[in-house]
């Protein structure tokens, strides 16, 4: 007994023509017995990091390049290594086996069979076998050889040597003596190699005929050739004899790619077929045997009997056999996955251990045992009553048959073989097939047909000679007999005329194609023409005498070489190389409306790809240019020699160019491969559909199949490869009276196998066909359809960086590229952190321990622990699902590196009855919650930065999916869809206006707003005559009002005008409602609907006018009617939208909050629907909303109000308003009793998203001017104090664009069908259907980009809710609390503790979102810890983020989230930033003064729309410093010149800003006495208000320029700095000191002071006071620092310290709110659009002026 492992060899074939055309790279390398598989070239970082796979085998055959003689392994080498060893074992009496494994086209058949010039393993083995027999045979030793040849296809065994053909399938039985065997398999005796060759040739012909008749793919069948060698040994002396019997099995397995390839949605179920069962089971058997050999499972069950193949090969796998395996692989990169699968398969197989024994003298023993069994069975049969006689009888017949076969003499076997060979020859001759074994190498003088087959082993194997009159058909009387789908009993005739002309005449209803063109009349044939009969009988005609050289010359003269079709191409060569694929492609291209759908698809995709490529390359070039510019700026001449700088720039430039080139090459490569794949798939799909339709029509199944297009599920994920084709063919199966099912190509392939079997049984009238039919189910249409993919929801995981919970309703994108509902998910980080160093540079290659954390153990050694992160995924519910797929919905996803998919099942409570309402079908609840622990690596960080968690949502079709499509429920769904569509492009924002007046305490306090029923503006402001006023404008987003990603960045300008007086009794009140933009939206919407209606009318008319309507036409008509009805509903929605429908212009269906107007005006941004980009620069006079004028606004004059300050916590601006500039009698006098004053406040805001643009918002306000409140009014005010309102507002609905789906003429499903059908006609705009569909499908990229943006903004909102430090207004759904803030802070300062006084600085727009993405304590050695920061007069000049040290690398998709100001640095500044000094040296002071003179030259900011008016500029006495904003170069100069921290700036308003120093507050001494607290003033400008007591001199307009002096240090928390006054101080020397501040002031809890809170005036905390003493000025500001100094625990407002609330308490506390202000009498700038009169003529009539609601 010999225990040996299975020998495994691997052979790599040369590149084929297709791979050479695609320029694919070779990824396989062989050295000795090692095979190295390199990862294919990829444009992702993960691809670059993949290591090569190394495998070791017994033999590695390099057959790539024949010219490399030292390395090349030919057929002879393969035979010597494998064949000779097998042959030797066979002669020793061992069983032996060789099986070839690999994907289709990898060279299995070539290795096993070869061809005439290069014989393969089997012919060489047989030849060597008989050569050795000839040498060794003598008197004492004789040899007998028998062969059998069978095919296993779809779990059925067919005898290829059977003369009756291989139609009948044989049964596999297992005998306890013989083991598994095939009952009835021919075992023929042979005496020479020629006999074997003849039998194999005839067997292959039978196989070809059967495969062609049934249209089976021979590459999907297994062929087993058995050679049984019997050695008889004679002892001449004693006369005894003994036998050795060995069986050699040569197995050519089916193509393995069916198993290794997985479908788009994970491993697709192989439905309805056993085609892959054998290979799958073989893999399981090999794995089980490998585990047994490794000692893992000695008793592990080996599933031999699960498939016919493994059952028959039981002895060869792990049993009594010497087995070798040859694995054939492709070297091409595009076959990487299949190659890897094959190598892994072979790697496991080499571990199998077989136990071979010599089979000595088995016959005598077998015969004896069989005879004993026969006697026992006869006895049982006569005696047994309990057992059923038929079973025993069958067993008895089986054993007797075996005995008979074993006792047949050798001579009888030879006679039987001869008789079978003659019968087969007669049968082949009757079919018209030549018996020549040499294939098509026949006489030169004969005309013949040769078959074309996809399998190279069967191609051109059958030769049919033509007579003068040849009849072709299925009837036995025909000269050439063909059987199969579409072949008529009498199909066609071929005639050869006397002059040599050959013609083909098809019969009626007999499908005949010549060169792909369907022919109905007599057609002349030429040499090389391709003929198709029926569905799948392809032939090529060979006419040796008629090569038509003369005719070709004439043809070439007449036809341009550039423009000839396939027909001409076929005639261009006398010896054309036309294979099966060419003929098949030719038929498909010419059958479908004589058009090439594949070419259309390819052309459209190529055109769009080139456009994308050009755009992307341009963007790439600009990006690299920006990088180079930054490098040039960083390389200062002082630091580096000029030569090194230029070298570095040259190198950078070269590297940038290389990157662009490499990126373009990789993208081109991927695109070429994708196009080739799409072409193959479309050809294949059309072929399969044609055959399925033939079968269904023949068998009257009332089922129709057609090709449609869909997006592969893998391409709906954000993790997909970029540049891949985003569409794939799919099959629509439709049965009359039933719904439509969508099948994959693989599914139809598998179904077709059962269809063919059923068809064959139906043709042969097999009585058990019905029984088999019932058992298998109907392969034409599924009664119980399996689950369908509803769509894929992409959850971007950036929130794991930020440690915030992402709660979001993720859109589910369907395979037609539409949103098919929303999945409500929650993703959060439970434990673990993102490491700082890795976060800073997750691509650093020099850190070997990047995925671990350094920890010092007890012994002092540094050990590395793996960093872990736990994140939780919760799936709550799916809403808005399509009603047809809302049965049994479940979710499936794979998180990061998890091996298995996670399935989330829906919540089903059997006790609760399902609700009957229609809406219930739209929502499915889940209770899925799962935690994942992952190791933090660079790859994982890259995944959460760039990738997404793709959750697939699956569902089953509802039972009533065949109901009429325009039912009421369907219309409800349409309305819901309409709401969802508009929800994606709309967002609401509120504009609140309040007016502040100077009160008796010197504070600006909000005036009251009296509300009344007849007031439409929200209320009437009660203004006191002659008081100084300010206007405060606040812009807020409205939560849950739409999913448009809207970001209001800042208020740019505030203007006021259009003063109108109205009678309360005689005239209607005015408000802020206008319909300019709403009318524009409705007009655009109506235009789109009119286009669709015209198109639908035309299509319906076209279909209706058809005299004979096909099934397709009727369904098309039904779909058109459905769309027409839906269009009517949509048109109604345009004109009369239902209240609360979410459609712009819908009647207000809400109760507005106090002060809010009821009606909601619309503003239309008119952005590009694809990517929400603006077609032009929407700034200044082109800003959105400029022309959205209100009634009575025509020709009115507006005045620009200087902005005093911006708010830190929201987008809010306070502007000074001097009402006298209007020169209006109505504003200067007390308002009469029955009169009301109306004004319009116009606010220009900066949007950063959805596009960088300016937006003009208008709010009409009503005012009443009084002199003094009467006693009654005063009493009323006190009684109703609680309900007093101080601000009024209006809600705007912002519409970015018309929903894209509205403009689509066909629904996506129909468009996909029309595109796949490749209809010639175009749509109204000249585009073809395929172009429309492809453009629509390519929008998935945009959907994902916008979704990335929406989720990123949601994360930022979550951050702002968690800690109020983001100073911008963010607006997206799913977050309840929004922190709106001002983006123009000037810098960032830190105190001794190493944490910032500012909550956060977002002025550093050049840095990425990472600056605010994480929290963490700033390291003590941070370069930003020094007190002397880098000041900047430019708010955006900072280039280093304060959070750089502990935030992750910016995700690539966060670039668009940066404020647009960084991109528009050349725009006029919003405001200037003067500097606060700390303890300056004289030199620094001089530098400062020099810079300040420079800055004086710049002008204050004026919006572009006011450029035509005189600039408002206050005249300031003795003012040397004019606040302004310098450009970027001044910023850099200033950073270099001065080294200190900046603070809030004064604004270019002509007013002074009250600023206190925030420099080292914790270092200042505080006296312990009750004397006044002191705080230094270092600002260059201080605005002083008049305190109660002795008045100050009126020229208090300048602050001291003296350097700060520190008074001393104390132990208390509150510190002061005293500043000595100059001689020309604003305070007179005799000014007495005000009263001390109460002691409570010094005991206030500490907190972080925001820069803007240092402004004097109505501050937020209300603890700001000023005291003036002789000789010095002190300003006190009490800071509030958290007791716990950990920056990570700072919670801001969410901790309950609501600082805003403290401001209200400060009224009536004069000692705490002393303000020194001196308002100069400034005039505003009159503002009026230059073209206002031209665009909008003045309307006098009240009725015209009032907007219609």
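Using N, Cα and C of the backbone, Cβ positions are placed for all residues, glycine too.
Of the listed residues (1041, 1600, 1642), Swiss-Prot tags 1600 with phosphoserine; the rest carry no such note in the record, though that does not show they lack it. Cross-referencing 1304-1336, 1337-1369, 1370-1402 with Swiss-Prot places the feature region 'Disordered' at 1370-1402. The candidates are 848, 1481, 1611; Swiss-Prot tags 1481 with the feature phosphoserine. Note on the domain 'FHA' (469-519): DSSP counts are 0 helix, 22 strand, 29 coil.
Cα spacing between residue 105 (ATP binding site) and residue 1274 (phosphoserine): 97 Å, rounded to the nearest whole number. Residue density at residue 108 (ATP binding site): 29 other Cβ atoms are found within 10 A of its Cβ, drawing on all protein chains shown. When the Cα atoms are compared, residue 109 (ATP binding site) and residue 1274 (phosphoserine) turn out to be 105 Å apart. In this model, the domain 'FHA' (469-519) carries an average pLDDT of 88.
Each of the recorded positions 104, 106, 109, 1274 was assessed for Cβ neighbours inside 10 Å, and the highest tally belongs to 106. Taking the Cα atom of each, residue 108 (ATP binding site) and residue 1274 (phosphoserine) are about 102 angstrom apart.
According to DSSP, residue 102 (ATP binding site) is assigned to a strand segment.
For residue 107 (ATP binding site), the same-chain residues 6+ apart in sequence whose C-beta sits under 8 angstroms from its C-beta are 11, 13, 63, 328. Around the Cβ of residue 103 (ATP binding site), 25 further Cβ atoms fall within 10 Å across all displayed protein chains. A coil conformation is recorded for residue 107 (ATP binding site) in the three-state DSSP classification, outside any helix or strand. Each of the binding-site residues 102, 105 was scored by how many other Cβ atoms lie within 10 Å of its Cβ, and the smallest score goes to 105. Cα of residue 102 (ATP binding site) to Cα of residue 1274 (phosphoserine): a distance of 96 Å.
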